[in-house]
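Taken from Swiss-Prot as is:
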type    : residues                  : note
DOMAIN  : 3-167                     : domain 'EngA-type G 1'
BINDING : 9-16, 56-60, 119-122      : GTP 1 binding site
DOMAIN  : 176-352                   : domain 'EngA-type G 2'
BINDING : 182-189, 229-233, 294-297 : GTP 2 binding site
DOMAIN  : 353-437                   : domain 'KH-like'
Amino acid sequence: MGNLVAIVGRPNVGKSTLFNRLTKTRQAIVNDEAGTTRDRQYGKSEWLGREFSVVDTGGWVVNSDDIFEEEIRKQVLMAVDEADVILFVVDVTNGVTDLDMQVAAILRRAKSPVIMVANKTDNHELRYNAPEFYRLGLGDPYCISAISGSGTGDLMDLIVSKFKKESDEILDEDIPRFAVVGRPNAGKSSIVNAFIGEERNIVTEIAGTTRDSIYTRYNKFGFDFYLVDTAGIRKKNKVNEDLEYYSVVRSIRAIEGADVCILMVDATRGIESQDLNIFSLIQKNSKGLVVVVNKWDLVENKTDKVMKTFEEAIRSRFAPFVDFPIVFASALTKQRILKVLEEARKVYENRMIKIPTARLNEEMLPLIEAYPPPATKGKYIKIKYVTQLPNTQVPSFVFFANLPQYVKEPYRRFLENKMREKWDLSGTPINIYIRQK
């Protein structure tokens, strides 16, 4: 199960730069203007063999009397509840501010480890400013320069050392793990209740810490499966919380623990930006996907044409990955609820597919010979052999070629599309590798 690292602090202390450094991306916009990170940023990282998710809590709150304090207050409170490690970023060039003190007052009550990151120590002299931050009561300030990378390797060592040891609990690997995810009010709780009913038919429950995912094993409708949920759900009245950010953090937890994600879409609202954000999380984590268009009972004029138009719109927004099942359902009336579980089970089986090497070559090589990769720089590319890699999270295939460096992304997509035509790989991502023969 992955860990969650939250980056918190007042605006313009370098949170987005640190996020980019930890995730090795340029995903977060970096600007000197405070409040530049208007959207929530989340990414994946790995260090010393430990994978973890990173959330940059920068952002912007609309129609707030005090934009910065309101945003920081809500996101720090959520970080305190959700994160395994909290990075509190301060700016040594500005010293301790009132906002720093307000954030520190909250973090001193955190149950998770807090690392105070003294950023912008771009030269040795600036390190002499760091001791000022001891008065925040959060231990030693850890000096780094996010923009140059100085000190970030040691910071990563420290972050990983704070993670709890991985649970010794072992799940039955032959039983699929389903997570129901989606934006607020899409019907997640309703469909879970429809799945498991009032009796809940619990076989066994495996839980870790209060922030870990819970795997509850059910047997329902003839299916044996784990339903992935997260512990320690906070009551809505505990804080006037930012629901979008909170659901993203919660989705990270559920997605990481699942084999197949059941993404709930509200039929009365269609695809919105947060649906795309959660879909992106599913893709980043290489999980199986079933899209459920919930509240279908509320749609008027439910003709086949309307259903087809809705389906085409979903696939268009999720492109280029379009090979996944879509179920039009109603958690309230339990319409097609069994089909949701059936499709999730199929996607799980597709993720587990093992295709014999002889069959792969028998089906794919004639296609490749008929439609070879385009010649590059006058050189002809020949693919001689294909095999499936063992023990991978998703189906992964290696095509051996004489000039693998010249096989471009469009041809990889061609190979993937042809494989999806030949075998049922619906709902699961696949990996295509081109290697030297």
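Quick reminder: no glycine exception, Cβ is built from N, Cα and C everywhere.
Known features from Swiss-Prot, placed on the structure.
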residue : record             : DSSP (3 states)
Gly9    : GTP 1 binding site : coil
Lys15   : GTP 1 binding site : helix
Thr57   : GTP 1 binding site : coil
Thr121  : GTP 1 binding site : coil
Gly182  : GTP 2 binding site : strand
Lys188  : GTP 2 binding site : helix
Trp296  : GTP 2 binding site : helix
Integer Cα-Cα distance in angstrom, Thr121 (GTP 1 binding site) to Trp296 (GTP 2 binding site): 55
Cα-Cα distance linking Lys188 (GTP 2 binding site) and Asn12 (GTP 1 binding site), given in Å to the nearest integer: 36
Site with most surrounding Cβ atoms, counting all protein chains shown within 10 Å, from the binding-site residues Asn12, Thr57, Thr121: Thr57
Residues in the domain 'KH-like' (353-437) grouped by DSSP into helix, strand and remaining coil: 31 helix, 20 strand, 34 coil
Cα separation, Gly182 (GTP 2 binding site) to Gly9 (GTP 1 binding site) (Å, whole number): 28
Lowest local Cβ density among Gly9, Gly182, which the record lists as binding-site residues, within 10 Å: Gly182
Cα-Cα distance linking Thr57 (GTP 1 binding site) and Gly182 (GTP 2 binding site), given in Å to the nearest integer: 20
C-alpha spacing of Lys15 (GTP 1 binding site) relative to Lys188 (GTP 2 binding site), in angstrom: 32
